[in-house]
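Okay, structure first, notes after.
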Amino acid sequence: MRFFLWNAILALWVTVLSGALIPEPEVKIEVLQKPFICHRKTKGGDLMLVHYEGYLEKDGSLFHSTHKHNNGQPVWFTLGILEVLKGWDQGLKGMCVGEKRKLTVPPALGYGKEGKGKIPPESTLIFNIDLLEIRNGPRSHESFQEMDLNDDWRLSKHEVKVYLQKEFEKHGAVVNESHHDALVEDIFDKEDEDKDGFISAREFTYVHDEL
């Protein structure tokens, strides 16, 4: 449920900021190495442990490497919740342990107009990423408690709306009332399985196949 909310927030945010239903630029994905046997593929909400190197496309200069700049240690992150670049969330789905990918990330899915550190504004980025481990993502009990304002173990439309408004404000997005209402209705249509007008703790924590 939490990951569906994040995906819904991201989709609406993109629409609002672009001013039209224009598709986002896509990441170019090249598989450099793939294991013969793959027991599990990454999906939204998974914890991933990776080594990576990042380069500027324009001149091939290295701006970060976990091997060189992170005491040689790989990094953990959660896929699909905007914890990392949008380009990573898009380009690292369906990946196997032992797989290596090269991602070409356009500015809109990287650091955009602002840039960051050694990365100039409007830079296309190249990442070589090696997946070392996949784990189940964090439990969503804490998120449910945060949303359940009256502690009745079920979420009303008002409670979900308040949560979404806070998440939008956290990311600096301004969305009008009608957008919030439409998003809440869409969430309840998908998550309120018994159609009683509330999302129960069970419905909230249930992991849907499409996630």
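Any Cβ shown, glycine's included, is placed from N, Cα and C.
Just so it is clear, the model here is predicted, and its values are computed rather than measured.
Which of 24-27, 72-75, 208-211 counts as motif 'Prevents secretion from ER' depends on Swiss-Prot, and there it is 208-211. The record gives Asp148, Asn150, Asp152, Arg154, Glu159 for Ca(2+) 1. Within 8 Å of the mean position of their Cβ atoms, the other Cβ atoms in that chain belong to Met147, Leu149, Asp151, Trp153, Leu155, Ser156, Phe198. The helix, strand and coil residue counts that DSSP assigns across the domain 'PPIase FKBP-type' (45-135) are 13 helix, 38 strand, 40 coil. Asp148 (Ca(2+) 1 binding site) carries neither a helix nor a strand DSSP state and counts as coil.
For the recorded site, Cys38 (disulfide bond), the DSSP three-state label reads coil.
Confidence annotation: the domain 'EF-hand 2' (179-211) carries a mean pLDDT of 73 in the model.
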